[in-house]
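Just below is one structure, and these are the notes that go with it.
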Amino acid sequence: MPLAGRGADGDHRTMPKPSPDSPRLLDLPAAPTRRIEAQARRRGATLVAGVDEAGRGPLAGPVVVAAVVFDGRAPKGLDDSKRLTAAERERLHDVILDRACVSVVVASRARIDRMNILRASLWGMTQAVRGLSRQPDYVLVDGNMLPPGLPCPGEAVIGGDGLSVSIAAASIVAKVTRDRLMQAVGRAYPDYGFDRHKGYSTRTHFAAIDRHGPCIHHRRSFAPVRIALGLEPTQTELFAPQPEPAE
């Protein structure tokens, strides 16, 4: 839950933090469950899809979106992809593909620059749902916004990759797919270290951009890349260097 919002008159309003014994905090699961899916089924849904993306923040490469529908038993060990090791993600990725209906959409660097990263991500979510061979009648999307054009009702679930098994599975598939793509980019452009940082704004990545300049895979719509190209930045986000991604 966001702690700050904007009132009708434009002022920022800070919400009080919940107390340590807040029921909301105590009810958060240690790992994703099927509770949200079960709630949707009680409202009449039969097939529920989870949707998540990987790669909204990096300075380079695509954003990848996955949609996952479990019609049977979900594999054990599902969790937010960021809380898993690379080996755990790889293992679960293959199990998910074997047990679930999966659709993956890659929004290219060119599309990101043409549409902007938010719209490209939302476009990918809609296309991923539409690409499922078994069409759901309800969609759970990680985040705070439903994409336009979904073929069925749905809801946005903040922190959904840690709450819903379907969204967690989608986060794993999207992350593994994108990491594999960036490893291939790293082999083609070894000077940038894409195979290690996957395009995120780490010190190593900034140093490589300083030495070699941006390559074709860098997002021209992102401020640090535009600055490196001698262009005026168009985004206001702060891109502080991030730690190297853990393997």
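Note that the numbers count up from 1, one per residue, in the order the chain is shown.
Using the three backbone atoms N, Cα and C, a Cβ is placed for every residue, glycine included.
The feature divalent metal cation binding site is assigned by TrEMBL to Asp52, Glu53, Asp142. The annotation domain 'RNase H type-2' is assigned in TrEMBL to 46-234. Residues or ranges marked as region 'Disordered' in TrEMBL: 1-30.
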For Glu53 (divalent metal cation binding site), just count the other CB atoms lying within 10 A of its CB, please.
26
Tell me, if you would, which residue among Asp52, Asp142 (binding-site residues) has the fewest other CB atoms within 10 Å in the structure shown?
Asp142
Structural state of Asp52 (divalent metal cation binding site), classified by DSSP into three states:
strand
Predicted model, mean pLDDT over the domain 'RNase H type-2' (46-234):
96
Which secondary structure state does DSSP assign to Asp142 (divalent metal cation binding site), in the simple three-class scheme?
strand
